[in-house]
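Asker: Have a look at this one.
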Ligand SMILES: NCc1[nH]cc(CCC(=O)O)c1CC(=O)O
């Protein structure tokens with residue numbers, strides 16, 4: 001009798017190998033199979049080692065930024081070894097090759113940051129060490145609590161929680177979405193995004209395809225969540241217009257309600273001492289107004305922000 005063979009997959013999805021990336025890939029697969037009535041084995045998950053996962057000890061901003069998360073998956077897509085790549089959109093640069101397109105944004109999870117190690121920002125003990133390697137989180141924390149000190153804290157979610165437990169820092173900040181996806185939603189205190197703006201694209205999972213692969217784009221486009229997609233595109237547009245890089249402390253959040261997108265954005269100097277905030281609103285499908293918001297923010301940059309914003313023209 002011949003061995004039973006598993007059926008040819010309809011889609012091969014590439015993903016990074018971290019526990020969070022794998023959890024996101026499982027979610028993407030579950031949504032695709034539900035939308036198309038497929039058995040699970042019709043979507044093959046292909047774990048790919050990203051350069052960002054090979055270099056663990058230095059701050060990301062020092063070693064080359066966000067391309068470290070996408071380089072290998074981009075190559076696997078270009079070579080046709082995978083049909084789609086699942087990403088935390090937060091880690092995907094705004095400037096992407098024309099050969100790749102975002103085929104779907106999944107329904108956005110909780111966008112909030114979670115504070116671990118204290119019950120609120122106000123209640124962090126004076127002089128505490130804040131473990132984070134995110135320039136946004138460092139600047140936001142120092143803006144609210146200039147008495148605190150930032151210590152570099154890289155690694156995946158589990159690593160950061162264990163570094164905290166080992167006393168390498170007194171408090172840390174993590175994304176609620178990541179904790180939720182790892183089954184750790186009990187950890188820490190959720191910070192209301194109205195008071196504490198998240199990173200651009202936080203909580204959003206995206207799937208990129210080759211632009212010329214109409215079959216994959218169609219199949220994957222079936223699970224696109226339009227409100228989440230609109231918000232993510234607006235945030236990406238604003239981020240690009242600010243001419244920053246991975247060292248730029250920027251927080252923002254866009255939401256769609258009744259066909260109107262609102263977008264709030266705060267920029268900081270890296271030391272957190274300076275902060276500006278602006279908000280805008282407009283159509284979801286014609287987001288030129290976002291560029292105006294970006295120009296307004298650039299026109300208001302303080303001296304401390306100039307080294308990290310307005311560096312490139314969008
Ligand atoms: N920078 C790493 C990263 N990229 C995406 C998430 C969480 C999930 C998300 O924001 O979608 C995290 C971890 C964190 O910031 O705590």
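Keep in mind that glycine also has a Cβ here, set from the backbone N, Cα and C atoms.
TrEMBL annotations: computationally assigned, not manually curated.
The structure displayed is predicted, hence computed values, not measured ones.
This is the feature table in TrEMBL:
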{"type": "DOMAIN", "residues": "11-216", "note": "domain 'Porphobilinogen deaminase N-terminal'"}
{"type": "DOMAIN", "residues": "231-298", "note": "domain 'Porphobilinogen deaminase C-terminal'"}
Asker: Write out how many residues of the domain 'Porphobilinogen deaminase C-terminal' (231-298) are helix, how many strand and how many coil, based on DSSP.
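Answerer: Grouping H, G, I as helix and E, B as strand yields 21 helix, 26 strand, 21 coil.
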Asker: I'm checking region-level scores; what's the whole-number mean pLDDT for the domain 'Porphobilinogen deaminase N-terminal' (11-216)?
Answerer: 94
